[in-house]
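Asks: Structure in structure tokens, see below.
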């Protein structure tokens, strides 16, 4: 975890309001764990004030290049989308704990389930798992065809199933509908997406073991501000975990969604 | 001579800079970024008698040049703080400001008694200004009589100096300040956050689960400056100033307003290195202002000029 000025290598819109931002810097060498995130300032002033947490989507350790995907939504991500090649960005990272890679032995199968802007961290995970000889099945859910991204990239590392809420691509419905209609055999489930999706997954496959990566509004991103806490299943009412520093990846069932 | 050294009741500080309570946890996170021994002092997160989870999420919402928070005094309870958190800070050898909160007088007194007897705690900061809890907190900080009574009780059980953290959510802050000074407060810290709200256009509901939250960050700095300017002339106890500080120039402005030391809050979330950065920039700024010692600046905006400046 360190703070560094990184330089923008490229930026492009790859789907509706979804931007792919590549940056370069020494700090990228630390980004070896998929599921971790970075926290970036989008302005040199204090407006907007807070950093933006963005997940690590891919890393090229040789060229020290980090790829991030984010959805342009508010003032902060709009400013970020205006960054041009050569611009410098104040980046803090890598933060949090990623998906454990050694949880599966070679030859086992991982089911990756991503929803919307929760899909990006699963890409770096898929690549790392495949490299370790683990079979990867990816189920990716989007609102519609225009919002979908990285299908081909995921296809390069395993089988891919797409769902869209409006049915414009793949299966009509949600990721849970895809899982319902296919009887996947897998050893561990890895998922990242909105908490409604994670909750639905938890209910639909209660026996599943694996890992969830959570999204929550953050302040500092390093565990100091207590903005992003969750209750712990089976714990005392005062027990908690911080999504930023204890997570964002947790074993399924550990935290109250 | 250390041009930045400031000495206040219970606080011998090598510089006037401390992270503000609630914005620094118990120091562990920031220790990964810099050597905490460079700090003038450190104010740790509020302690209550029992462990508190705090409010549901979302707990933060960004605002123009600021943020709202409604954490709700989450902390592991005073006993665990003394057992698990304070020992971590020991090796840094910096004065510790222990913030104390509660719902009832007895709770405040229990926490005050325990923390003030801890050898690592230098002073207590009596939190009567948290806007984010249903009971306690701000209800003690908006009525001068209630605030004075609590101050008196806490003073009577505390073996260390007590600074009272004032809320800006009052119509007459000098009256509050004078009331707690008369009740025996050794110092003040101000300001806590301003009560605010944001509404989500999509859901048409407040963004924060708690609905309201405390506004902090650069947006509130002028309010803090005005209040410190006013209160520092109304009382004779020192003030730890805070509210939207982001740079060394802000520190000087707070001291000119009347603060004797300055706490950095929200800016720690934006830049974890903000405290050491500000500390390192202060000497150069003093040179530039032809100021020999930083204490000469305290109240400089309203005091008669004691040291002739070069421009005269």
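Glycine too: its Cβ is placed from the backbone N, Cα and C atoms.
From TrEMBL, for reference:
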type	residues	note
BINDING	A:52, A:53, A:54, A:55, A:69, A:70, A:71, A:76, A:77	FAD binding site
BINDING	A:220, A:225, A:228, A:244	[2Fe-2S] cluster binding site
DOMAIN	A:1-101	domain 'FAD-binding FR-type'
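Situate these features within the shown structure.
Replies: Annotation note: residue A:54 (FAD binding site) sits in a strand segment as assigned by DSSP.
According to DSSP, residue A:244 ([2Fe-2S] cluster binding site) sits in a coil region rather than a helix or strand.
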Asks: Counting other CB atoms within 10 A of each CB, which of the binding-site residues A:52, A:71 comes out lowest?
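Replies: Counting other Cβ atoms within 10 Å of each of the binding-site residues A:52, A:71 gives the minimum at A:71.
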Asks: Please work out the mean pLDDT for the residues of the domain 'FAD-binding FR-type' (A:1-101).
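Replies: It averages 97.
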Asks: Rank the binding-site residues A:54, A:225, A:228 by the number of other Cβ atoms within 10 Å of each Cβ, and give the residue at the low end.
Replies: A:54
Asks: Where the distance is taken from Cα to Cα, which of the binding-site residues A:220, A:225, A:228, A:244 turns out closest to residue A:77 (FAD binding site)?
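Replies: Answer for the nearest of the binding-site residues: A:220.
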Asks: Within the chain of residue A:69 (FAD binding site), which residues six or more apart in sequence place their C-beta under 8 angstroms from its C-beta?
Replies: A:14, A:18, A:19, A:20, A:21, A:55, A:57, A:117, A:119, A:120, A:149, A:150
Asks: Cα-Cα separation of residue A:71 (FAD binding site) and residue A:220 ([2Fe-2S] cluster binding site), in Å?
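Replies: Each residue's Cα considered, residue A:71 (FAD binding site) and residue A:220 ([2Fe-2S] cluster binding site) end up 20 Å apart.
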Asks: Going by DSSP, is residue A:228 ([2Fe-2S] cluster binding site) part of a helix, a strand, or coil?
Replies: coil
Asks: Around the C-beta of residue A:77 (FAD binding site), how many further C-beta atoms are within 10 angstroms, looking at every protein chain?
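Replies: The Cβ of residue A:77 (FAD binding site) has 17 Cβ neighbours within 10 Å.
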